[in-house]
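Student: Just lifted these from TrEMBL, have a look:
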type	residues	note
DOMAIN	574-638	domain 'CBS'
DOMAIN	671-728	domain 'CBS'
TRANSMEM	42-63	transmembrane segment
TRANSMEM	128-150	transmembrane segment
TRANSMEM	170-190	transmembrane segment
TRANSMEM	202-218	transmembrane segment
TRANSMEM	230-254	transmembrane segment
TRANSMEM	307-329	transmembrane segment
TRANSMEM	341-360	transmembrane segment
TRANSMEM	415-435	transmembrane segment
TRANSMEM	442-461	transmembrane segment
TRANSMEM	489-514	transmembrane segment
Amino acid sequence: MSAVSFVFPLLCYSLCFSHIHLQITNKSKESTWALMKSVSDAFSGWLLMLLIGLMAGALAGGIDISAHWLTDLKGGVCLNGFWFNHEHCCWNSNETTFVERDKCPQWKSWAELIIGTAEGSFAYIVNYVMYVCWALLFAFLAVSLVRAFAPYACGSGIPEIKTILSGFIIRGYLGKWTLVIKTITLVLAVSSGLSLGKEGPLIHVACCCGNILCHVFTKYRKNEAKRREVLSAAAAVGVSVAFGAPIGGVLFSLEEVSYYFPLKTLWRSFFAALVAAFTLRSINPFGNSRLVLFYVEFHSPWHLLELVPFILLGIFGGLWGAAFIRANIAWCRRRKTTRLGHYPVLEVLVVTAVTAVLAFPNEYTRMSTSELISELFNDCTLLDSSKLCDYINVNITKSSNELADRPASTNVYMAMWQLALALVFKMLITVVTFGMKVPSGLFIPSMAVGAIAGRLLGVAMEQLAYYHHDWVIFRGWCSPGADCITPGLYAMVGAAACLGGVTRMTVSLVVIMFELTGGLEYIVPLMAAAMTSKWVADAIGREGIYEAHIRLNGYPFLEAKEEFSHKTLAMDVMRPRRSDPPLSVLTQDSMTVEDVETLITETSYSGFPVVVSHESQRLVGFALRRDLTISIENARRRQDGIVSTSRVFFTEYTPPQAPSSPAPLKLRSVMDLSPFTVTDHTPMEIVVDIFRKLGLRQCLVTHNGRLLGIITKKDILKHMAQMANRDPDSILFN
């Protein structure tokens, strides 16, 4: 055997083995890389939720601390450091008395600093003027910053977020400038004393955080559907940091905000809300180891007969909610259609001046709305020096710090009159405040109205039980000297009723209120009040405040809670109609750059179907207007030979071109190869359900693959108006 005959097979075997080893090594690397990529892809969603929770929790803590400080700044300043609020300033004081726990030498009112005394009518006037001046300054800064840098930072943001989650794009609404300006102006607006809250805008702030952080991850930056899932979780984070209610936040996003809420989003929303609540708890903005200012605990159980006044509070909440929505929408429509809307700064300053001038004389309107709710929710104990707890003939039980029902003193009756005036003031001023060009939430003002009404009814029931404990309704469960009625519980139930009447929330509202109080046994009163308020409000008007503002602003929004029961087909709604011009389309290989640019210039559509040819109308795909414009601009600037006469191809392969013809432009990469389509005989009930579940903006109508027309969300809304015997042309879209 020759050496060659021996070496050659060995060499072939060696080469073959080396090739196999190289393939195995490459596959091993590919599998390792694929494993790492899949792990990174799965972990990126949880990492994004972690970052959103941390960022939103930190911002909420900063907003709470800053708003508390600026609110107290209207009344005075701390000598130990101007950055301390009233409570922090007096924490370490050894000269604070039990009765006057808010007074300490370190805290000086503006009258003490300016004229040297806190007593007398002149001191009162000085404090009054300084209160109004600070309020006007804060309001002016807020509206000026919003108008100059981020017009989208005004309002609560919930109507727009609901619209965005339904598939509509509002560019810049969740951008970085909106986040910065909304965070700053929210502090200023709340501190000005206007009848608004920070809880609704915090949902907008959290969604801005989610949208900005989505751009860090390619998976979410390039996928609109996944980004909407992130925004649903961010909305839950907003409620979590606003109320200290992580579970309520998840349910709020599910019930009130989101169109599409898969199980994966539920888990991630829960995790993000947990991280946000933990972050806010670590910051401890209120110094009481709680997530909210008005956390309370009730110790006395409720009786079955108390369901009657609880249901009465639900009826009041429904009536006030429906009346408020109608009045506020009428005022906002007047603002839009008259010269009032041309002077947003002047409107904010006038409303702020009226609010401050009328609020200062009444201590219950002078304090911040969160502090007012905390005062009204409070269950009177031996440690309370509030006028609401200044009863006479106090009988102290030996077992605990609880106090039995007792007759009201003059101070209690005076407090009741002040609360009655505060109720009327809050009901009227909130109508004109919500919707101005400053960040404004509605949760806290609505809760304040209900809490005042509930406290008034609770004290009335308490006095009735004390003086008439032998009546049939009290006999057997309310004996003399017992703690039967808890006015703070009535305030909490009233707050839930009014908030439910305005927003039409039910499940999430009860859970949020339950997390605020930490008492399982009060769920039934809350459920009774929430359902009653929703039924009463729905009997007067079907829309909640956010749906009403969506319709007022002209956003294309399909309400997920309404049913479509008409027997119409897709061909009855699609465009073009018989009298309309033909549908504007792109062909896959017979148009030039100039033709495409002309089509874009002469129309205002957001996208165009791509067909094989004008004769066949066989559907190929769908191209968005924005993608076409950007691609043509980039090609003219970066690609040699692209001119107006260049052919545009949406096909996978480009046919050979003549040597003298200009370079072709390939746009297949910007075309959606699988646009959502339905047949012309698809029932509209199914089409509407598809639009709601998937958040579609448009849907193409075909017959055996041939393009017949297009249905947009605006077409569906006009069709629904026509089916309801309303003028479809009366629906305006912005």
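Every residue gets a Cβ built from N, Cα and C, even glycine.
So where do these features actually land, and what's packed around them?
Tutor: Proximity of distant same-chain residues to the transmembrane segment (42-63), defined by a Cβ-Cβ separation under 8 Å and at least 6 residues beyond the stretch ends, is recorded for 183, 186-187, 198, 202, 205-206, 209-210, 213-214, 216-217, 219-220, 230, 233-234, 237-238, 241-242, 264, 268-269, 271-280, 282-283, 285.
Within the chain carrying the transmembrane segment (128-150), a Cβ under 8 angstroms from the stretch's Cβ atoms is held by residues 70, 73-75, 110-111, 114, 177-178, 180-182, 184-185, 188-189, 191-194, 344-345, 348-349, 352-353, 355-357, 360, 366, 436-439, all 6 or more beyond its ends.
Packing against the transmembrane segment (170-190) from elsewhere in the chain are residues 59, 62-63, 66-67, 70-71, 138-139, 141-143, 145-146, 149-150, 152-153, 157, 160, 163-164, 196-198, 201-202, 204-205, 207-212, 231, 368, 438-440: each is 6 or more residues past its ends and has a CB under 8 Å from a CB in it.
If you look at the transmembrane segment (202-218), the same-chain residues 6 or more away from its ends with a CB under 8 A from one of its CBs are 44, 47-48, 51-52, 55-56, 59-60, 63, 156-158, 160-161, 174-176, 178-179, 182-183, 186, 227, 230-231, 233-235, 237-239, 241-242, 257, 276, 439, 441.
Counting same-chain residues at least six beyond the ends of the transmembrane segment (307-329), those with a Cβ under 8 angstroms from any Cβ of the stretch are 427, 430-431, 434-435, 446, 449-450, 453-454, 457, 461, 490, 493-494, 496-504, 524-525, 528-541, 543-545, 548-549, 552.
Sequence-distant contacts of the transmembrane segment (341-360) (same chain, six or more residues past either end, CB-CB distance under 8 Å): 128, 131-132, 135-136, 139-140, 142-144, 147, 192-195, 335, 366, 425, 429, 432-433, 436-438.
Away from its own ends, the transmembrane segment (489-514) comes close to residues 239, 243, 245, 247-249, 251-252, 254-256, 296, 298, 300, 302, 309-310, 313-314, 316-322, 324-325, 373, 376-377, 379, 442-443, 446-455, 457-458, 461, 520, 522-523, 525-527, 529-534, 536-538, 544-546 of its chain (Cβ-Cβ under 8 Å, at least six residues beyond either end).
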Student: Counting only residues 6+ away from its ends, which parts of the chain sit with a Cβ under 8 Å from the transmembrane segment (442-461)?
Tutor: 156, 195-200, 242-243, 306, 309, 312-313, 316-317, 320-321, 324, 364, 369-370, 372-373, 376-377, 388, 408, 412, 416, 419-420, 422-423, 426-427, 430, 433-434, 485-499, 501-503, 545
Student: How many helix, strand and coil residues does the domain 'CBS' (574-638) contain under DSSP?
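Tutor: Its residues divide into 24 helix, 17 strand, 24 coil.
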Student: Compute the average pLDDT of the predicted model within the domain 'CBS' (574-638).
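Tutor: Taking every residue of the domain 'CBS' (574-638) together, the mean pLDDT is 90.
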Student: In the domain 'CBS' (671-728), how many residues does DSSP assign to helix, to strand and to coil?
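Tutor: Once the DSSP states are binned, the domain 'CBS' (671-728) shows 23 helix, 19 strand, 16 coil.
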